[in-house]
Amino acid sequence: MSVPFQKYHGTGNDFLIIHADEYVPDRGALAERECDRDDGVGADGILYLALEERFSPPRVVMTLVQPDGATAPMCGNGARCAAEWAMRRTGADSVMIDTQAGTLRADRTDADDIIIEMGTPTFDPAEVPVRADEPVFGEEIEGLDVTMVNTGVPHAVAFVDDVPDEFFESEVSRSSSDAIDDVDLETIAPPVRYGDAFPKGTNVTIASPDGSGGFRQRTYERGVEGETDSCGTGAVAIAVVARRLGRTDADPVAVSPPGGDLRVSFNERGNATLAGPVEHEFDGEVTVESPAEQ
Ligand SMILES: N[C@@H](CCC[C@H](N)C(=O)O)C(=O)O
């Protein structure tokens, strides 16, 4: 039997969206098969969404199953895609997204972007989580100088000027904003992602200043086990860490992953918001086992 999906992306971070009412006996196995870019539809994860229209604004319960078959507690771009999906169904311009990391409000902006609250980022080692007595700011872990922050999920944030020479693929000017393109992320990130310091693993995000108070971004994602074109929690992590380390005082902070442009803002309580475009790509169907086949 088959179940319908809609394919969405937020600045290149792409997801199959399946209504949570659909019968999918093994969500992990489906994600492993259909997120594969060679043999499946290809995506950075499957979002299972339950829409509760009796509330005002409508609520969406979001579960992200990643290509490795495991769930993630939060996904910034996934939540923005979930918001667009729910807004199209309900006609609402505001929705609430229930995630394992909290309930987040999302709004459509005048520019037709989706902006979402991202909660309060934390450096507390117990909440990141990282095995350390104090918050980790610019400390070497597995060969990389990282700052550890949780923006819904853990990120090890490193700035390009701290990346050791041997992780650049060619001779480049370290002050160039293009230096980030030459970092060998597929080599430098996995030891950090699986580092003993991180009981739940971590995403690895690198940043380089764009010269205007913003940053370019690249992220190696836990669960995808590779680099993605965009990562919303990673964009927020860069903005939070850069402000904390005095690398920018911009607000909003422009963050540009390979797949597009995001904006991170802060309110007076230190809560972050994430804004950027979301696009519906296409619809389709995926095969799942029917109850009789089990
Ligand atoms: N791409 C997401 C983050 C998804 C979760 C992450 N891979 C993890 O396992 O922590 C985003 O846009 O935030």
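Please read every residue number as a count from 1 along the shown chain.
Here the Cβ of each residue, glycine as well, is placed from N, Cα and C on the backbone.
What TrEMBL says about this protein:
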ACT_SITE  Cys75  active site, proton donor
ACT_SITE  Cys231  active site, proton acceptor
BINDING   Asn13, Gln66, Gly76, Asn77, Asn203, Glu221, Arg222, Gly232, Thr233  substrate binding site
**OP:** Just report the maximum Cα pair distance in Å for the recorded substrate binders Asn13, Gln66, Gly76, Asn77, Asn203, Glu221, Arg222, Gly232, Thr233, no decimals.
**Re:** 15
Subject >> Fewest other Cβ within 10 angstroms of its own Cβ, chosen from the binding-site residues Asn13, Asn203, Thr233 >> reply: Asn203
Original post:
Any idea what the Cα distance is from Gly76 (substrate binding site) over to the residue listed as 'active site, proton acceptor', rounded to a whole Å?
Top reply: 7
Original post:
Highest CB neighbour count within 10 A among the active-site residues Cys75, Cys231?
Top reply: Cys231
**OP:** Give the three-state DSSP assignment (helix, strand or coil) for Arg222 (substrate binding site).
**Re:** coil
Original post:
Once near-sequence residues are set aside, which residues in the chain of Arg222 (substrate binding site), 6 or more away, have Cβ atoms under 8 Å from its Cβ?
Top reply: Gln66, Ala72, Val153, Pro154, Arg193, Gly201, Thr202, Asn203
Subject >> Rounded Cα separation (Å) that holds between Asn13 (substrate binding site) and Cys75 (active site, proton donor) >> reply: 10
**OP:** Tell me the Cβ neighbour count for Gly76 (substrate binding site), meaning other Cβ atoms within 10 Å of its Cβ, over all protein chains shown.
**Re:** 30
